Amino acid sequence: MCGVSAILLGDSKADTAALELHESCYYLQHRGQDAAGIAVCQGGRVYQCKGLGLVSAVFNEGRRIVDLPGWCGVSHLRYPTAGGTYASEAQPFFVNSPFGLSMSVNGNLVNSKELLKFLDREARRHVNTDSDSELLLNVFAHALNELGKFRANVEDVFTALREVYTRCHGAYACTAMIAGFGILGFRDENGIRPLCLGSRPSATLEGATDYFMASESIALTQLGFGNIVDILPGQAVFIQKGGVPQFRQIVPRKSYTPDIFEFVYFSRPDSHIDGISVYRSRQNMGRMLAKKLRETLGEQVIKDIDVIIPVPETSNIAAAVLATELNKPFSSAFIKNRYIFRTFILSEQKARQKSVRRKLSPIASEFKDRVVCIVDDSIVRGTTSREIVQMAKEAGAVRVLFVSCSPEVTHPHVHGIDLADPSELVAHGKTREEIARRLDVDEVVYQSLEDLKTACIEAGTEDCEVKDFEVGVFCGKYQTVVPEGYFEHLGRSQGNKKKINKTSLSAEKEQDAARPVLVAGGGAVNVAGPREGQQEAHAEEDDEEHESANGPANREDISLYNFANTS
Ligand SMILES: O=P(O)(O)OC[C@H]1O[C@H](OP(=O)(O)OP(=O)(O)O)[C@H](O)[C@@H]1O
Ligand SMILES: NC(=O)CC[C@H](N)C(=O)O
Ligand SMILES: [Mg+2]
């Protein structure tokens with residue numbers, strides 16, 4: 001689900017863009033734990049540092065920030081949905097031509113294969129990884145280049161962007177930097193992925209204003225930015241050095257349907273997204289769930305419940321309200337290990353399984369001889385719930401009810417969550433009774449989709465424009481057109497990923513092996529991983545003399561683009 005941000009300081013002599021971006025990464029870390037990166041520019045020269053791991057590891061507890069001077073920049077936290085877990089796919093991506101472009105993408109494209117073919121054969125651009133975000137950047141770069149300008153102006157940027165919307169299908173919210181010129185933010189025409197912009201007075205130049213864009217408002221408010229606005233579906237904003245934001249509707253809005261999973265799980269509760277308070281939406285989910293439990297289980301079963309227990313951390317808010325609504329004691333009976341992070345967004349199933357017990361442990365006395373009602377925000381693969389239920393039983397629970405703040409996840413997610421294979425989903429093609437058996441619980445109850453939507457809508461401000469959401473994972477109907485064969489392609493690339501993970505290094509070893517190596521000026525050396533999807537595309541489509549412009553698969557590659565020289 002990735003976190004993106006961008007900063008432009010009103011004082012272009014200031015040197016603290018990386019410092020602030022680095023800070024923002026901590027507020028967005030929950031959106032991506034696989035890789036992190038920052039690119040900034042000073043005097044038209046780009047400096048970047050990126051690599052695998054958490055923010056603290058990639059930037060060596062912040063010590064690498066000194067290598068990143070400048071007044072504007074972009075940053076990224078990665079949770080992979082395309083490609084694999086390779087340092088070469090860490091973002092921001094950079095292309096030197098034209099003008100030195102750095103880009104951070106949150107989202108997922110469904111026509112990567114077609115884009116790769118276009119970039120390879122028509123645009124003649126080198127694509128270095130299997131990441132769909134690299135494709136998006138190259139489509140933009142090609143369009144900007146085709147304008148044939150020695151220097152681009154703001155209008156050129158918007159014109160080139162139109163090409164991105166035309167060619168790139170899927171959901172995306174992106175931030176970009178044009179070296180020495182300014183920062184850009186844009187969002188898909190359904191507003192599926194989030195992006196907002198805020199401002200604050202410059203601390204070093206009187207009368208000047210700093211601007212910040214990020215996936216979630218919490219990154220802005222914690223850095224002292226106010227006047228927060230959401231970038232709208234199909235809209236872009238460009239802020240030029242020393243300038244003010246220029247908004248442009250690049251393509252007509254198709255819908256205004258943010259991904260409801262942002263409210264269920266992804267976003268922080270202290271964020272507002274598209275005028276909706278994530279915290280309030282989760283409270284409302286708890287309230288609606290109480291109604292659903294009464295309807296589904298009846299008063300007698302409710303009466304027998306001894307205690308309501310959340311699965312930390314995301315479900316805490318909804319569970320507390322559920323307890324109040326049902327007039328039951330609330331117990332923080334699962335203790336979360338503060339040194340273990342989010343489980344769901346880990347790349348490998350083995351790591352996810354291992355992580356649950358490491359992360360959550362029961363206080364036995366809270367379970368012993370009790371009827372417990374365990375609340376989670378979602379049950380996706382069932383990795384967490386199955387493990388949790390066993391722990392509850394080992395601790396002496398006599399009856400276990402499991403309730404979910406969101407409906408059954410039955411379909412793949414195509415807009416930025418790594419969920420491809422429906423057979424991985426615990427609820428796919430199953431009745432409530434079958435799911436209960438699979439989870440080994442006495443009862444399982446899910447929120448209805450309508451109630452979930454209502455919970456989010458009711459958490460919106462009065463002028464909130466959002467009236468519906470992207471809810472494809474719950475029903476199979478997506479806001480964007482999903483091309484035929486896409487799910488099969490995803491399934492194959494997931495299979496490839498599994499193969500790669502099995503045959504290559506273990507997750508931990510890979511982390512170590514791919515640590516970023518600093519080269520002069522703060523760039524990280526990127527060691528490219530296997531490029532299976534790309535190899536496949538070439539293999540299927542032509543037998544020409546490839547190695548093509550896009551190079552052979554499985555090579556070890558050192559990216560050379562740590563500096564961009566523009567004047
Ligand atoms: O059914 P599953 O496949 O296990 O996925 C669902 C679980 O994963 C998430 O927790 P996670 O540990 O990622 O994050 P959290 O600490 O924010 O709850 C989510 O909150 C559920 O607990
Ligand atoms: N979760 C995301 O937004 C992923 C971005 C991009 N598709 C990647 O895999 O790197
Ligand atoms: Mg959880």
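Every residue, even glycine, has its Cβ placed from backbone N, Cα and C.
Marked as domain 'Glutamine amidotransferase type-2' by TrEMBL: 2-242. The average pLDDT the prediction assigns to the domain 'Glutamine amidotransferase type-2' (2-242) is 97.
Summarising the annotation, TrEMBL assigns active site, nucleophile to Cys2. In the three-state DSSP scheme, Cys2 (active site, nucleophile) falls into the coil class.
Among the features that TrEMBL reports, Mg(2+) binding site is placed at Thr314, Asp376, Asp377. Using a 10 Å radius centred on the Cβ of Asp376 (Mg(2+) binding site) and all shown protein chains, the other Cβ atoms total 22.
Annotated region 'Disordered' per TrEMBL: 497-567, in sequence order.
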Annotated binding-site residues Thr314, Asp376, Asp377, filtered by Cβ under 6 Å to ligand 2: none
Sequence-distant neighbours of Thr314 (Mg(2+) binding site) in its chain (C-beta under 8 A, six or more apart): Val264, Tyr265, Arg282, Asp376, Asp377
Cβ within 8 Å of the mean position of the Cβ atoms of Thr314, Asp376, Asp377: remaining residues of the chain near Mg(2+): Val264, Tyr265, Pro310, Val311, Glu313, Ser315, Ala318, Val375, Ser378, Ser404, Cys405
